[in-house]
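One structure is given below, encoded as structure tokens.
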Ligand SMILES: Nc1ncnc2c1ncn2[C@@H]1O[C@H](COP(=O)(O)OP(=O)(O)OP(=O)(O)O)[C@@H](O)[C@H]1O
């Protein structure tokens with residue numbers, strides 16, 4: 001039993017061992033199962049990862065394939081470029097070889113040119129030396145010319161001053177004659193356009209002369225002193241013979257048609273200057289309508305055509321400026337009047353027409369016209385504006401009354417009073433610049449039907465003959481002593497009384513038309529001017545007062 005017990009015990013022990021082993025085996029199996037599950041999870045994960053990697057690889061392969069295609073395309077382009085570059089390079093090589101040939105040729109040419117250049121440089125150096133020698137000679141010659149010109153100017157000044165002195169001693173009224181050029185407008189207007197009535201004298205214009213714009217036969221024989229004018233006129237006698245007559249006239253100066261305003265002014269600049277020294281100066285422009293009076297006195301708008309009024313005024317200002325260092329101080333003022341039908345019209349007034357009645361007064365301080373505008377003139381520019389005002393008023397009047405300006409006298413007066421701050425002296429001068437009404441012989445009978453025209457004609461005739469009478473009487477006075485001077489016979493002579501007396505300097509510029517159609521008028525004007533020229537006026541006197 002024991003054995004059985006032992007056997008049972010042993011069996012039980014075996015059973016326990018086996019149960020233990022079984023429990024262990026079960027736990028082991030459980031572990032293995034777990035390991036199996038986790039291994040299969042792991043496998044699943046690996047499979048998925050693998051799948052993903054395969055996909056990525058496929059994408060990579062595709063992208064590489066695209067890159068490979070792009071690279072192939074690029075390669076193709078590069079090959080094309082390369083081909084072109086090769087062509088280009090081969091062209092360049094050809095060009096380079098051509099250029100190097102040219103280069104060699106050019107080098108040869110350069111060498112030849114350099115040789116030539118060296119030769120030219122040598123010649124140039126010689127020429128430069130010669131030029132600098134010539135320049136030196138030229139400079140010396142120019143300096144000499146300047147000196148001679150200066151001498152000539154000074155001599156000319158001396159000549160003019162002497163001439164002036166002779167004139168003053170002779171006391172003669174001076175007369176210049178100026179012939180205007182033939183204008184293109186003359187060619188288109190007929191000779192009768194001026195409305196002139198000619199006398200039936202032997203020197204009447206021939207039918208040919210009556211051609212539009214035909215020039216008169218005028219000549220200027222005195223080529224040295226320019227003091228003579230000759231006019232030839234031909235006419236047919238009753239027997240049918242051609243008769244040619246030559247009329248010669250001499251004046252202080254004759255200006256030919258091509259003379260410039262500057263040349264005319266050169267001759268009167270000393271006269272203008274003398275106002276500053278206290279002289280009364282009177283310059284008239286006389287001549288028929290259209291003969292160039294306004295052109296001479298007022299001139300055109302360009303510097304070259306500027307007339308005597310602006311030039312004279314500038315000269316007066318210049319002379320006054322020149323005397324400043326000697327202590328002279330000047331005050332200037334100006335007036336511009338028009339005398340139409342023996343009535344004074346203030347060209348510096350206001351309104352369309354001057355309705356005021358003006359009177360001329362003479363007293364110790366000089367000539368005054370009542371109720372007219374006297375403008376202070378501090379500078380030449382102020383004279384320009386004065387002339388502009390006067391001209392615009394004349395233009396208005398001309399528009400309102402056809403050609404009125406030709407039938408009125410215009411009188412510009414510049415009054416100059418100076419005092420010397422060093423010496424206390426004072427002086428009063430005046431410059432009268434007069435553009436006279438057209439001097440053509442107007443036919444009173446022709447104007448008889450037109451009252452206004454008849455009155456104008458009579459007034460122009462009256463004032464121009466009054467001017468002639470005053471000058472003639474002044475001449476007789478010079479010869480015989482005391483004599484009545486008929487200043488009061490016209491407004492013009494009365495206004496200019498102080499500037500027309502023997503004490504003043506008077507210049508008449510006779511303007512002539514160059515046209516054959518105006519020959520008769522020109523001869524009349526020349527005869528009138530000759531009478532004036534032969535008149536002896538007294539010696540001009542300065543109006544200077546010492547310090548009181
Ligand atoms: N020296 C000259 N050079 C060029 N043109 C001139 C000259 N003189 C006059 N003329 C011209 O001739 C024409 C007539 O001249 P202007 O008007 O001066 O004559 P006028 O005698 O004053 O006439 P009016 O009595 O009608 O005023 C104008 O066209 C003017 O420009």
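Each position is counted from 1, following the chain as shown.
Cβ atoms here come from the backbone N, Cα and C positions, even for glycine.
Any TrEMBL annotation is an automated prediction that lacks curation.
Record features, source TrEMBL:
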type	residues	note
BINDING	287, 288, 289, 290, 291, 292, 293, 294	ATP binding site
COILED	1-28	coiled coil
COMPBIAS	185-204	compositional bias 'Low complexity'
DOMAIN	172-535	domain 'Kinesin motor'
REGION	185-221	region 'Disordered'
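Here the features listed in TrEMBL are placed on the structure.
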residue: 287; record: ATP binding site; Cβ contacts under 8 Å, 6 or more apart: 293, 436, 438, 439, 510, 511, 512, 513, 525
residue: 291; record: ATP binding site; Cβ contacts under 8 Å, 6 or more apart: 180, 511, 512, 513, 518, 525
residue: 292; record: ATP binding site; Cβ contacts under 8 Å, 6 or more apart: 178, 180, 511, 512, 513
Cβ neighbours of residue 293 (ATP binding site) where a neighbour is any other Cβ within 10 Å:
28
Around the ATP site (287, 288, 289, 290, 291, 292, 293, 294), what further same-chain residues have their C-beta within 8 angstroms of the site's C-beta centre?
180, 285, 406, 438, 511, 513
What does DSSP assign residue 293 (ATP binding site), in three states?
helix
C-beta crowding around residue 289 (ATP binding site), within 10 angstroms:
22
Three-state secondary structure, residue 288 (ATP binding site) (per DSSP):
coil
Across the domain 'Kinesin motor' (172-535), what is the average pLDDT of the model, as a whole number?
82
Across all chains shown, how many C-beta atoms besides its own are within 10 angstroms of the C-beta of residue 288 (ATP binding site)?
23
